[in-house]
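Student: As annotated in Swiss-Prot:
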- ALA2: N-acetylalanine (MOD_RES)
- SER181: phosphoserine (MOD_RES)
- LYS265: N6-acetyllysine (MOD_RES)
- 1-38: region 'Disordered' (REGION)
Amino acid sequence: MAATFFGEVVKAPCRAGTEEEEEEEEQSRRDTPEDREVRRQLARKREVRLLRRQTETSLEAVLLETHPCSKFIIAVGSNATAFLSAFVMNSGVWEEVGCAKLWNEWCRTTDTVRLSPTDVFCVFYQLKSDPSVFLCQCSCYIAEDQQFQWLEKVFGFQPRKSMQVTVLTCRHITDYKTPESTCSLSSPFLRALKTQTFKDALCCPLLEQPNIVHDLSAAVLSYCQVWKIPAVLYLCYTDVMKLDRVTVEAFKPLLSSRSLKCLVKNIPESTEILKKLMTTNEIQSNIYT
């Protein structure tokens, strides 16, 4: 039986959970003290830490519990972060309030203070003119076992239901499930998925079943659904997953959304900044320079 709305839990009879628990118990009986120590060291290495990048000191409290938050915008992936850099962060003064430092099989966040489009990072900013507005640019991969840690340290266990969350991310068009051939689709294109408490108008069609979302974006939306926080995910399906100007500009319909339109001032200037970002990326990606 399929779920009828986002967040519905559909239970099916299955012995897999019991068998997995039995296997874990058997494994723990076979483990030597050295095995357990290796596991502890690996778990410690995979911890997600929130800190101030300039001083490398840990944040003492949950990020959004320290500051009142009315609006939280999260960009996941290089194209989504480039969109925020060009069209949103250009229109105001943003102050860095922290970053997530993490390690996993696919990425290691950078320690550099001056970030470039090719760096791997997860940085949080606060709007100086309205300190209740927060923004996160996350170009790194956050593994499944690290996502709850990230949510715990950013949102906490008692998040404010008065805030609104907007998430931007991309997936390859081959992940889009449709009766038609994906070759006939004009990419890039946007789809949206929202929590039940999100009531604003959407900037694109809703994501059709049986499509699903993945990774940190899915974790954030699930968290907001559970805590009844108004949230929307805008998913851009594209055939180019590297930094790409056409894919970045596919997010432009969001500039008229309630959460972003008050943050954007000069679109022509933002377009020029996007061109410079693309040029910088091309230079850094060229093995001959």
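Just so it is clear, glycine is given a Cβ too, placed from its N, Cα and C backbone atoms.
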Student: Could you round the CA separation between the residue listed as 'phosphoserine' and the residue listed as 'N6-acetyllysine' to a whole angstrom and send it over?
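Tutor: On Cα coordinates alone, these residues lie 39 Å apart.
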Student: Quick check: in three-state DSSP terms, what is the residue listed as 'phosphoserine'?
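Tutor: Reduced to three states, the DSSP call for the residue listed as 'phosphoserine' is coil.
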Student: Which residues does LYS265 (N6-acetyllysine) neighbour through Cβ under 8 Å, counting only same-chain ones at least six apart?
Tutor: SER91, GLY92
